[in-house]
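What Swiss-Prot records for Lys114, Arg115, Asp116, Lys117, Lys128, Arg129, Lys130, Leu131, Ile132, Pro133, Arg134, Leu135 is heparin binding site, and it gives sequence analysis as the kind of evidence. The disulfide bond feature in Swiss-Prot is assigned to Cys25-Cys36, Cys30-Cys43, Cys45-Cys65, Cys50-Cys68, Cys54-Cys70, Cys79-Cys90, Cys84-Cys97, Cys99-Cys120, Cys105-Cys123, Cys109-Cys125. Per Swiss-Prot, the feature domain 'Antistasin-like 1' maps to 45-70; the stated evidence is sequence analysis. The domain 'Antistasin-like 2' annotation in Swiss-Prot covers 100-125 and is backed by sequence analysis. Swiss-Prot lists Gln18 with the feature pyrrolidone carboxylic acid, giving experimental evidence as the kind of evidence. Look at Swiss-Prot and you will find 1-17 tagged as signal peptide, backed by experimental evidence.
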Amino acid sequence: MIKLAILLLFTVAIVRCQGPFGPGCEEAGCPEGSACNIITDRCTCSGVRCRMHCPHGFQRSRYGCEFCKCRLEPMKATCDISECPEGMMCSRLTNKCDCKIDINCRKTCPNGLKRDKLGCEYCECRPKRKLIPRLS
């Protein structure tokens, strides 16, 4: 019975996909309006289901996902790739420089991937964390 309950909780946690935005969404989940891409393990925006006609398009959440509310002004032009540091790309989703995703990395890392000085993940596993005992 306990094994069945654990399996059920594990399955629901993966399917629900609700929680903080960012890499590792299979474990952490995704914010409302987005879904977990199991190939890249990153949250992606769900399509907007809205019958409103908005001349300037829909507003976006802080994560860059559109929701059913009209923009009052036209959207700013996207950033230019030349504005982004090396190793980053211009995201049409957020209009900001964002980390490139290495879709060829097939490593399964229990402690996650290492990050470079810009905070972008690269295809190398983080070492196991050393636990330091607390002094009471």
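Keep in mind that glycine also has a Cβ here, set from the backbone N, Cα and C atoms.
Here the features listed in Swiss-Prot are painted onto the structure.
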residue: Cys36; record: disulfide bond; DSSP (3 states): strand
residue: Cys43; record: disulfide bond; DSSP (3 states): strand
residue: Cys65; record: disulfide bond; DSSP (3 states): coil
residue: Cys79; record: disulfide bond; DSSP (3 states): coil
residue: Cys97; record: disulfide bond; DSSP (3 states): strand
residue: Cys105; record: disulfide bond; DSSP (3 states): coil
residue: Cys120; record: disulfide bond; DSSP (3 states): coil
residue: Lys128; record: heparin binding site; DSSP (3 states): coil
Rounded mean pLDDT for the residues that make up the domain 'Antistasin-like 1' (45-70): 82
Cα-nearest neighbour of Cys68 (disulfide bond) within the listed recorded positions, Cys43, Cys120, Cys123, Ile132, Arg134: Cys43
Spatial neighbours of Cys123 (disulfide bond), counting only the binding-site residues Lys130, Ile132, Arg134 and Cα distances within 10 Å: none
Recorded heparin site residues Lys114, Arg115, Asp116, Lys117, Lys128, Arg129, Lys130, Leu131, Ile132, Pro133, Arg134, Leu135, farthest C-alpha pair in Å: 32
Which of Cys45, Cys68, Cys97, the listed disulfide-bonded residues, has fewest other Cβ atoms within 10 Å: Cys68
Protein Cβ atoms within 10 Å of Arg134 (heparin binding site), excluding its own: 5
Position of peak Cβ density within 10 Å, selected from the recorded positions Cys90, Ile132: Cys90
DSSP three-state assignment for Cys70 (disulfide bond): strand
Neighbour-count leader, CB within 10 A, binding-site residues: Lys114, Lys128, Lys130: Lys114
